[in-house]
């Protein structure tokens with residue numbers, strides 16, 4: 001039993017150090033309220049006059065124990081009950097963003113309504129929320145965070161909904177009217193380093209449109225999702241700003257997101273966050289970057305988000321694939337697979353990109369399928385960017401020793417419909433694959449080399465190719481021919497047509513343009529040895545000298561055109577000549593198919609910036 005002085009007015013509760021709270025007075029307490037493990041020694045009159053719940057408990061208790069009340073499930077526990085009890089005693093109650101939700105829910109639990117007494121606690125708290133909390137940007141966010149521990153009552157009392165609407169309304173306000181404190185890249189502000197944030201330099205900074213995105217990153221995903229949905233419903237902010245908000249939240253709340261890994265033990269929570277972000281993505285193209293979409297896709301694959309979400313991301317990525325980089329596309333294969341990269345997913349993305357340019361789409365009407373014609377929407381520039389991107393990606397995945405040739409070829413053939421002026425990138429990828437897979441068969445080597453057009457190789461790439469002992473003989477001969485044509489062609493002239501003999505080499509024909517009996521198909525598909533390369537280059541050099549290239553440069557265009565025709569004619573003869581190739585075939589018997597050294601510098605492993613180098617017959621020439 002506790003006492004208080006008669007006529008005195010208590011101003012706070014005191015503790016005896018044993019989980020007991022009481023009012024310092026000489027008036028004997030007549031009710032004990034136990035909340036959790038804390039006992040409150042109080043007086044019935046102030047409590048029962050404001051709490052309908054306590055009135056009910058006191059009236060229903062038996063006569064022997066009506067002065068002891070057990071409350072085990074009051075929201076906010078002992079702390080929230082103490083706020084309510086202080087209010088009943090007329091003590092000063094301090095409310096703030098951290099305790100107001102708990103106090104409101106506890107007051108609701110205790111039934112402290114206006115019907116019990118005018119100006120009761122529920123009314124006072126509601127006034128405080130509407131006049132203060134919901135007018136403050138940061139207080140609204142703090143209050144919304146605290147509602148999570150008070151569910152479902154905080155939802156029933158509409159505190160959650162009111163907080164969400166207050167936050168969304170402030171986020172959508174005209175930036176010229178934003179005059180409250182907010183967090184926006186504060187670590188980048190020089191004034192953070194010991195200077196006053198209230199100085200004129202900081203205050204005069206223009207308010208960015210996405211000023212609010214970092215503060216909302218404090219919210220858990222379920223509340224964050226509802227806030228963003230409310231913002232989108234208002235239709236005021238642009239889809240780019242909403243996309244920036246989702247990007248900021250992903251980097252903050254998904255550990256390892258930027259590196260395509262999971263650094264959180266809670267996979268279920270990680271999955272729900274990724275799912276919500278995918279679901280919240282604005283429908284407009286370009287609302288988020290392609291790089292961000294690919295990071296989302298990597299995360300979705302890692303947490304096994306589901307086919308529907310992954311297909312949505314693949315479709316979105318395909319619509320803006322030209323923005324991606326090779327690093328973005330480097331999606332790791334699932335654990336347990338032999339290959340390093342998930343090439344199948346990249347193929348799906350490329351197909352989505354190409355589908356944008358289809359000339360027809362279909363609609364069903366009255367159970368009949370009708371074709372609707374429409375022009376392609378892809379620009380030549382975007383196509384060329386994607387072709388170069390895939391060439392570079394092929395060079396990257398070619399380093400995987402377990403990559404099947406079919407995956408490499410299938411992906412390369414997807415973009416073969418895209419015309420590009422140079423095939424250097426494709427040659428670099430092919431060379432890298434040949435280097436990392438020396439054991440492939442002649443037919444496989446022929447198949448992969450047919451992907452590139454030798455006429456579209458630069459001078460430096462040609463010079464690398466004619467010294468590349470990984471290439472089939474037919475490819476080396478073609479490259480040598482076009483190198484000769486380029487050297488003899490007049491400035492600005494187009495590359496002459498491929499002679500029939502070289503065409504037969506390219507398609508594997510057994511036509512009369514060369515002696516099939518003397519030079520079987522398998523010989524053309526075999527890897528060129530060092531001796532063969534030297535012999536071929538020697539014959540080409542002899543052609544150039546015998547045709548007097550130096551003189552042609554002095555005799556004008558007609559003479560140069562004549563030299564071109566002579567060079568082509570002699571090249572045709574070279575292809576048919578048994579005498580010239582006899583030393584090649586004889587050397588093959590001793591050397592074997594893969595006898596050439598593999599020491600040439602691979603374009604696939606080189607820096608993409610092609611360095612210029614002086615050609616030499618006695619050493620390997622790299623354009624990497």
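The backbone N, Cα and C atoms fix where each Cβ goes, and this holds for glycine too.
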**Message:** Quick test of your reading of TrEMBL: among 457-489, 490-522, where does it put region 'Disordered'?
**Reply:** 490-522
**Of the residue ranges 545-584, 585-624, the one that TrEMBL records as region 'Disordered'** = 585-624
**Item:** Overall pLDDT for the domain 'NPH3' (210-486), taken as the rounded mean
**Value:** 89
